[in-house]
Amino acid sequence: MYNVIFLGAPGSGKGTQGEVVAKELKLAHMATGDLFRKAIECGDELGDTVKSYMERGELVPDEITISVVLKHLAGLKDVTGIILDGFPRSLRQAEALDEALVQQGQGIGRVIYINVPEDELVRRLSGRWVCRSCQSPYQSGCAEVTKGKCSRCQGELYQRPDDTPETVKERLKVYFSKTAPLIEYYRSKGKLSEIDGMAEISEVTKRIISAIKCGK
């Protein structure tokens, strides 16, 4: 099974690219955000804990994230490969993933890092809207924001009070402090491909697919 990791800050477009590339290469797309949303929908203690972090715009702690993701991976059947979108986000998560994959006789084939300048990330995130029910994110100007409804669950869209440029910068600072070591971790293993996230969406997709195919 060929496993690919997508790394990129919030607002880098890795979720959109993950869905498109997974469809093109016939790989399963596993977005951590979707797994969290499913946990929230369950309404149990784990889901409530995840929801509290997401509503504050904070990263869900490692141990909770690892449990949610590894449980999902263990249940996957009849897939040729997986795109891991949003996981791992720290060295602790990366090590837990490596250990779990080794136990299954697998590994990571390629790591895609979508690089977008911080000022552009701040611009994108400051214009973000979120579904009040399932936490799906949308960008200002899109059809869903115009209608005020989530296309996934028809929930109400709103802007978080802490999605201001100042607060977004602080969140990105925390994100990069955890992710920078992760990028070097995979670079040292010869697995990392860095993609310019400022290119046209279709061009970014082409470069990602090329990097994945070259890595096989």
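Indices start at 1 and increase along the chain as displayed.
Even glycines carry a Cβ here, placed using N, Cα and C.
What Swiss-Prot says about this one:
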- GLY11, SER12, GLY13, LYS14, GLY15, THR16, ARG128, ALA199: ATP binding site (BINDING)
- THR32, ARG37, GLU58, LEU59, VAL60, GLY86, PHE87, PRO88, ARG89, GLN93, ARG160, ARG171: AMP binding site (BINDING)
- CYS131, CYS134, CYS150, CYS153: Zn(2+) binding site (BINDING)
- 31-60: region 'NMP' (REGION)
- 127-163: region 'LID' (REGION)
Exercise. How many Å lie between the Cα of CYS150 (Zn(2+) binding site) and the Cα of ARG89 (AMP binding site)?
Worked result: 26
Exercise. Whose Cβ lies within 8 Å of the mean position of the Cβ atoms of CYS131, CYS134, CYS150, CYS153, the Zn(2+) site, other than those residues?
Worked result: ARG37, ARG132, SER133, GLN135, SER136, SER151, ARG152, GLN154, GLY155
Seminar exercise, completed: One of the binding-site residues THR32, GLU58, VAL60, CYS131, ARG160 has its Cα closest to the Cα of GLY15 (ATP binding site), namely THR32
Seminar exercise, completed: For LYS14 (ATP binding site), the spatially nearest of the binding-site residues GLU58, ARG89, CYS153, ARG160, using Cα atoms, is ARG89
Exercise. Which sequence positions outside the region 'LID' (127-163), separated from its termini by at least 6 residues, show Cβ-Cβ distances below 8 Å to it?
Worked result: 11, 15, 33, 36-37, 40-41, 51, 54-57
Exercise. Hey, what's the Cβ neighbour count for CYS131 (Zn(2+) binding site) at 10 Å?
Worked result: 21
